[in-house]
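Asks: Before we start, here is the structure in question, set down as structure tokens.
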Amino acid sequence: MATGDDSFPWDQDSILSRDLFSATSTELCYENLNRSCVRSPYSPGPRLILYAVFGFGAVLAVCGNLLVMTSILHFRQLHSPANFLVASLACADFLVGVMVMPFSMVRSVEGCWYFGESYCKFHSCFEGSFCYSSLFHLCFISVDRYIAVSDPLTYPTRFTASVSGKCITFSWLLSIIYSFSLLYTGANDAGLEDLVSALTCVGGCQIAVNQTWVFINFLLFLIPTLVMITVYSKIFLIAKQQAQNIEKMSKQTARASESYKDRVTKRERKAAKTLGIAVAAFLLSWLPYFIDSIIDAFLGFITPTYVYEILVWIVYYNSAMNPLIYAFFYSWFRKAIKLIVSGKILRENSSTTNLFPE
């Protein structure tokens, strides 16, 4: 699945939209080529601001998710099936920051694709692969949290490392196979040959997607989304009931120490809440883009390019959101960051450091 200008052609709207940001005169991507795409560059001020905003997002996505992966893979205390899913999700977001955002940044600001026709298609495949991989990871994480909250005592025997590994493998393989096969078989632009031919120019990266595949893409987004909403609704109800039960028991045994089950339940509820926020952030970031894709496909690409650019970069910025959410809610992640940044992670036996408060 392509996003951004990959699936929306540069046309007069893109030229007009840049006037909103004080665009200079219209130029060509490649001045010496007859088939060059037209570009309408931003004036220096807005150009610098856009590079700063987009570049900051890429750096945040790379560094933040690298910290998440390093924390989970290095510290033995974090070696759990659920955390391996989180690390794999961070890997998808990390790859967005490395392999997608820098190239999209240049394309968005300069109005041209300077990285070759082959990488244009790869870039679009990477976008789709990482998008669906993140979505499937979040779906499996929601199921994991449901099991943990609904039955915390038997949870370790139900969601094992083997189950986690299968979820990770499924998330990556299905996403990659679907995205690459869609674009490399040409199924995405079947019936749009005339449009593709008319839009093709040197310095452009237009990946057209017909109505059928736009609808299928939307279904692939919608079905896991409905699963996550349903599961987290159940988690909310269970957590509410558990909180009421704990409150009743605390009144009856005010001086009694907290049971192991109660401690586990509280910990799992907090994890479910944090990951639920991550899911909500993902859906809020992606839903406007998918809705706009449906509208464009069936109404003839009516969205102005600058609006499309905004939607796409909201999607990209989602890849930088999860580490910020973890840092805000998880004390163990904040402690892990301090150890990594200070270099204490290089000390002998640092992997056995206790990251959880007593």
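The backbone N, Cα and C atoms fix where each Cβ goes, glycine too.
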Asks: Of the candidates CYS29, CYS37, which does Swiss-Prot name as forming a disulfide with CYS201?
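Replies: Of the listed candidates, Swiss-Prot names CYS37 as the partner.
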Asks: From Swiss-Prot's topology annotation, check whether LYS338 and TYR114 share a side of the membrane.
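Replies: No, opposite sides.
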Asks: CYS205 forms a disulfide with which residue in Swiss-Prot, given the options CYS91, CYS112, CYS120, CYS125?
Replies: CYS120
Asks: Could you check if the transmembrane segment (48-68) is in contact with the transmembrane segment (213-233), meaning 3+ Cβ pairs under 8 Å among residue pairs at least 6 apart in sequence?
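Replies: The answer is no, given that the two segments have fewer than 3 Cβ pairs within the 8 Å cut-off.
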Asks: Can you tell me which parts of the same chain pack against the transmembrane segment (310-333), counting only residues 6+ beyond its ends and a CB-CB cutoff under 8 A?
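Replies: That would be 3-5, 54, 57-58, 60-61, 64-65, 67-68, 71, 77-78, 89-90, 92-94, 96-97, 100-101, 104, 108, 130-131, 134, 270, 273-274, 277-278, 281-282, 285-286, 288-289, 292, 355-357.
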Asks: Would you kindly check 84-104, 167-187, 213-233 and say which stretch has the most C-beta pairs under 8 angstroms to the transmembrane segment (122-143)?
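Replies: The stretch with the most contacts is 167-187.
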Asks: In terms of DSSP three-state secondary structure, what is the assignment for CYS37 (disulfide bond)?
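Replies: DSSP call for CYS37 (disulfide bond): coil, neither helix nor strand.
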Asks: With DSSP as the reference, give the number of residues of the topological domain 'Cytoplasmic' (334-358) in helix, strand and coil.
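Replies: Helix, strand and coil residues of the topological domain 'Cytoplasmic' (334-358) number 14 helix, 0 strand, 11 coil.
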Asks: Cβ-Cβ under 8 Å from CYS201 (disulfide bond), same chain, 6 or more residues apart: which ones?
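Replies: Correct list: CYS29, ARG35, SER36, CYS37, VAL38.
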Asks: Of CYS37, CYS120, CYS205, the disulfide-bonded residues given in the record, which has the fewest other CB atoms within 10 A of its CB?
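Replies: Comparing Cβ neighbour counts within 10 Å for the disulfide-bonded residues CYS37, CYS120, CYS205 gives CYS120.
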